[in-house]
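Here is what TrEMBL says about this protein:
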- 93-281: domain 'ABC transmembrane type-1' (DOMAIN)
- 31-56: transmembrane segment (TRANSMEM)
- 97-118: transmembrane segment (TRANSMEM)
- 130-151: transmembrane segment (TRANSMEM)
- 157-178: transmembrane segment (TRANSMEM)
- 216-236: transmembrane segment (TRANSMEM)
- 263-282: transmembrane segment (TRANSMEM)
Amino acid sequence: MNDRTEQDTTQRRVIEPGRAKRVSLNGMKQAGFYTLLCLIGALFIGPFLILLTSALKPASQPVYSFPPQLIPIPPVLDWFVESWTKISFPRYLANSMIYELLTVPAYLVISALAAYPLARMEFRGRAPLFALIVSTMFLPGEVMLVPRFLVVSELGMVDTFAGVVLPGLLSAFGVFLLKQAFEQVPRELFDAARVDGCNEWQIFWRVAVRQVTPTLATLAIFGFISVWNNFIWPLVVLKSEDKYPIALGLAYLQGIFGTDVRSMAAGTVIAVLPIVVFFIAMQKHFVDGMRGAVKG
């Protein structure tokens with residue numbers, strides 16, 4: 001009995017150092033992982049914080065200095081007021097919201113209508129068609145500027161809201177993302193709906209769309225950001241300043257204030273806030289939507 005007790009004690013002494021070493025290594029790995037996450041987060045958040053502090057600095061405090069002075073002393077809101085009043089900021093924001101309301105809902109519907117047959121219907125040429133759609137993702141946007149402008153010009157939509165909205169109603173990325181999501185919906189749900197007497201249109205709206213709501217929310221975030229930051233296409237197709245979105249309005253702000261970084265920073269912060277608010281409102285669906293899109 002005593003020999004067995006001594007043997008167990010000896011084994012425990014041999015095992016415990018190894019276990020402690022593994023626990024220590026796991027702790028070091030976790031610490032390194034979270035440190036890396038903090039550094040990546042700082043790379044993304046840091047520029048916005050610098051932008052915000054630059055907009056809050058008074059005229060007496062230099063924007064660029066060494067060592068850097070990140071804390072405004074004292075913080076002021078003068079540059080926000082000046083950038084808001086010197087250009088038609090409310091009008092530009094309203095235009096951007098109009099473009100969002102006209103583009104994003106239609107973009108989601110059209111992308112879903114294009115993706116569902118590619119995911120759930122059998123027809124000849126489905127795979128080559130999907131490959132052709134995805135291949136357009138590799139084309140730079142600048143390559144399509146002239147063809148798009150020619151189409152919009154032939155339709156008489158130059159310098160109109162419709163001319164800005166039309167090219168953004170469909171994208172290969174949206175079709176790809178939703179096709180992947182539709183393919184993750186169990187086929188049994190579609191079969192049960194057919195047994196209950198639903199036609200293909202009812203199955204699409206009542207079954208398929210409801211199952212991919214997180215992916216639709218994710219796509220809405222991407223669409224909102226893309227429309228809000230759209231600069232080149234409105235610059236090409238619009239002539240009237242009263243139709244400019246906020247991205248073009250900021251260019252006018254730079255022209256008025258010259259090299260005044262504080263005013264530009266304040267205007268940029270105001271322009272970015274709607275994107276931040278929209279993402280915060282939709283973020284709970286973002287991870288689920290991306291997870292469903294990359295399965296399979």
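Cβ atoms here come from the backbone N, Cα and C positions, even for glycine.
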Between the stretches 31-56, 216-236, 263-282, which wins on the count of C-beta pairs under 8 angstroms to the transmembrane segment (97-118)?
-> 216-236
Beyond a gap of at least 6 residues from its ends, the CB atoms lying under 8 Å from the transmembrane segment (263-282) belong to 48, 51-52, 54-55, 79-80, 82-84, 86-87, 89, 93, 96-97, 217-218, 220-221, 224-225, 228-229, 246-247, 249-250, 253-254, 257
Recorded stretches the transmembrane segment (130-151) and the transmembrane segment (216-236) touching, at least 3 CB pairs under 8 Å | yes
